[in-house]
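Visitor: Here it is: the structure, laid out below.
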Amino acid sequence: MAATSSPSTAAAAMWAFAAATCVKLLLVPTYRSTDFDVHRYWLALTHTLPARQWYTDASSQWTLDYPPFFAYFSRLLSLPAPFVDASLVAIPVPASPPSSAYILYLRFTVAFSDLLLLLASVLLLARDARRRQRPFLALLLVLWSPALLIVDHIHFQYNGFLMGLLLLSLHFLEQGKDLAGGVVFAALLCSKHLFLVAAPVYFVYLFRHYCCGRGLARGLGRLVLMGAGVVAVFAMAFTPFVYYGQMQQLLSRLFPFGRGLFHAYWAPNFWVFYIVLDKILAFLLRRLGFSIEIPEASFTRGLVGDSSPFAVLPKVTPITTFLLVILAMTPCLVKAFANPQPKHIIRWVAYACSCGFMFGWHVHEKASLHFTIPLALIAMDSLDDIRHYFLLSIVSCYSMFPLLFEDQEYPIKVLLLLTYSALMWVGFSTHFAANPAPGGKKLDASDSIVEKKFTGWISLGYLLGMFAIEFWSRLFHHHVFGDRLPFLPLMMVSVYCGVGMMYSWIWQLSWIIRHT
């Protein structure tokens, strides 16, 4: 199998990307979150002010809190901006509403940066670690991800670009180009530090696969070479700010632990159940006559505080979440150390990101993209992977529904999710009707993927339960509670999706223990 994709595959990939781009253009007039203002300010900040002021400027509430490579990326995107609309790079931000050209330019920068995601996906599609070409459907699952469309092209972020860097690194590792894979991952860390959660897997895998088992002298040479490559990348990113004496200020921007354990909208992870248990225990103990003080910064109001107020259960600290993430990741690290095979690297990195999502500090719901996008590429490795990805991708997308809270965006997010679900239903059914699973199991053409064989009654019932959550939130909550408990619908989404995310984490852990 050739290392590059065939002309027909490349052409089909371009058509798929063009179709996704057309959808993105249709989304230009939709809702824009405060992240739109954040990234617009970063363009102006990096264009107008010298680098020594990037991490010290406090003239706006939208202070720069991404690593330097992303600041350089913003600077690059800002270069054509004055030719489109001078207000794009004006400081302070003009009070007048943004022009159509202003909005279109910023939306276009996100769509343009997705070219890196396309490149990395096509490379991964062309040849996997076993020298086989992946199904074309895997590319569609990445490029047409409704969660990515919602977060990047409505809510407004640059996750497609960052995921492109991650997938490019994984491509190099799959092909045995460990040095390139490590260097690209270092560049990713210097662009978005939240990918640090995957660093333990990278370190263990690269140490064992690239440095060990090749003799002492050659192994040490490779270790020095890898270290020099990574250090060079970090030096390019951080040396100017070391020279300016701003590293402490920069690190305080990157790691603001004072923001608290939770974001305003709870990410559907382990800590959701911790909160709920605390609330239940506080309620029961107060009914039994105990004096239980309810913290003023109540989680049910969706506030972001400087602490993690619990009424009964112990307070959670950043070091606690760090230790839990490492503990959860340990089986994967042991497997990667004992048997470092390139064919498992995507799964290991995705699991590491899952651990960070489930047990990390101040996790955003958008971070589920860090493992759902890579898992899309291996979703058709087996029927078990199909079952898992079908449920996970729907849960991940649904957990982001609260990001788009205006009525005019409601049909859009529902249509995106239903269309993607239909794509998976038809695509998976067609794929396994023509291709036996690795175990030799082949579906008949008349079989439906979404049956007991695929999701089972429990999984199917769980997915259908999302309709009940939506009916309650959209139709009944206001009639029953009026203006009381405004955060209850969001809490229901978080807790319900947390069940699915917890299942996914357990499933990934079980698969890694049994099969790698």
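For all residues, glycine too, the Cβ spot is worked out from N, Cα and C.
Got these off TrEMBL a minute ago, pasting:
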TRANSMEM  102-126  transmembrane segment
TRANSMEM  133-150  transmembrane segment
TRANSMEM  180-203  transmembrane segment
TRANSMEM  223-244  transmembrane segment
TRANSMEM  319-338  transmembrane segment
TRANSMEM  345-364  transmembrane segment
TRANSMEM  386-405  transmembrane segment
TRANSMEM  414-434  transmembrane segment
TRANSMEM  454-473  transmembrane segment
TRANSMEM  485-506  transmembrane segment
Visitor: Please give the sequence-distant neighbours of the transmembrane segment (386-405): residues at least 6 beyond its ends with Cβ less than 8 Å from one of its Cβ atoms.
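Guide: 30-31, 33, 141, 145-147, 150-151, 154-155, 265, 267-268, 365-366, 368-369, 372, 375-376, 379-380, 412-413, 416-417, 420-421, 424, 428, 432, 449-450, 454-456, 459, 462-463, 466, 489-490, 493-494, 497, 500-501, 503-504, 507-508.
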Visitor: Can at least 3 Cβ pairs under 8 A be found between the transmembrane segment (485-506) and the transmembrane segment (345-364), with each pair 6 or more apart in sequence?
Guide: yes
Visitor: Restricting to CB pairs under 8 Å, which listed stretch, 223-244, 319-338, 345-364, 414-434, is in contact most with the transmembrane segment (133-150)?
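Guide: Top-ranked stretch among 223-244, 319-338, 345-364, 414-434: 414-434.
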Visitor: Taking pairs 6 or more apart in sequence, does the count of Cβ pairs under 8 Å between the transmembrane segment (345-364) and the transmembrane segment (319-338) hit 3 or more?
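Guide: Yes, since the transmembrane segment (345-364) and the transmembrane segment (319-338) share at least 3 Cβ pairs closer than 8 Å, they count as touching.
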Visitor: Are there residues at least 6 beyond the ends of the transmembrane segment (454-473) whose Cβ is under 8 Å from a Cβ of it, and what are they?
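Guide: Answer is 383, 386-387, 390-391, 394, 398, 428, 448, 489, 492-493, 496, 499-500.
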